[in-house]
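Trainee: Here it is, the structure, as structure tokens.
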Amino acid sequence: FPGLADVSISQDIPVEGEITVPVGSHSPDEDYSTLDEPVRDTIMRDLKAVGKKFVHVMYPRKSSTLLRDWDLWGPLVLCVSLALMLQGGSADSKDDGGPQFAEVFVIIWFGAVVITLNSKLLGGTISFFQSLCVLGYCVLPLTVAMLVCRLVLLVGTGTISFIIRLLVVVAMFGWSTLASTAFLADSQPPNRKALVVYPIFLFYFVISWMILTFTPQ
């Protein structure tokens, strides 16, 4: 600009403010990207993260791990495992042998989506995928119940076998319900928690009923 060429600043005039260059150890992680790491390290890191979430579900306590670092890998594995174990057997079916893989898969994911939408409509602060993550991971106790029932059915299908399966399924049903509500309850308005817990109760009850009524072909 004209007229500014002759303007000079004396070195004696203090300059306000502070300009500092951070001095310290430069972490190599700052320049490290997941695109540069080996595939093995990526897989092991994801497996450890899924394993930690399984631990949080089996030992329910207030934690933000499932909400902060959400993923759908664990729910997908649990859903597929449960659907595979339920396929081809049911006490209420005489023709096709029980619920098919797609039926179980759709029931689980459709139920989780409905519960999530219900939670959002009631004013929940949790995100859509965070809710799916929690509901999916909390199917773990019921998946364990299904595995135990399959082992019990290998021994026999009498009254004692049914009582054992009933106790296991009821215990794991309560475990899944309590674990999911422990993670989701705080994200709901205090006066609407019952409206959120009730669909969760029905969701796990339907899955528990499918497990309890399962009998091999």
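Using the three backbone atoms N, Cα and C, a Cβ is placed for every residue, glycine included.
Straight out of TrEMBL:
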- 58-210: domain 'Yip1' (DOMAIN)
- 70-89: transmembrane segment (TRANSMEM)
- 101-122: transmembrane segment (TRANSMEM)
- 134-156: transmembrane segment (TRANSMEM)
- 162-184: transmembrane segment (TRANSMEM)
- 196-215: transmembrane segment (TRANSMEM)
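Could you give the neighbours, burial and distances for every feature on this list?
Mentor: With a cut-off of 8 Å between Cβ atoms, the residues of this chain six or more beyond the transmembrane segment (70-89) that come close are 46, 49-50, 53-54, 97-101, 104-105, 108-109, 112, 127, 129-130, 132-137, 139-140, 142-143, 146-147, 150, 207, 210-211, 214-217.
Long-range Cβ contacts of the transmembrane segment (101-122) within its own chain (Cβ-Cβ under 8 Å, at least 6 residues beyond either end) map to 75, 79-80, 82-84, 86-87, 128, 131-132, 135-136, 139, 184, 187-189, 192, 195-196, 199-200, 203, 206-207, 210.
Beyond the transmembrane segment (162-184), the same-chain residues lying 6 or more positions past its ends with a Cβ under 8 Å from any Cβ of the stretch are 57, 60-63, 66-67, 119, 124, 126, 131, 134-135, 138-142, 144-145, 148-149, 152-153, 196-197, 200-201, 204-205, 208, 211-212.
Sequence-distant contacts of the transmembrane segment (196-215) (same chain, six or more residues past either end, CB-CB distance under 8 Å): 82, 86, 89-92, 98-99, 104, 107-108, 111-112, 114-115, 118-119, 122, 124, 135, 138-139, 142, 145-146, 149, 153, 157, 165-166, 169-170, 172-173, 176-177, 180-181, 184-185, 188.
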Trainee: Restricting to the same chain and to residues at least six past its boundaries, which positions have a Cβ under 8 Å from a Cβ of the transmembrane segment (134-156)?
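Mentor: For the transmembrane segment (134-156), the list is 53-54, 56-58, 66-67, 70, 72, 74-76, 78-79, 81-82, 85-86, 108, 112, 115-116, 126, 164-165, 168-169, 171-173, 175-176, 179-180, 183-184, 200, 203-204, 207-208, 211-212, 214-216.
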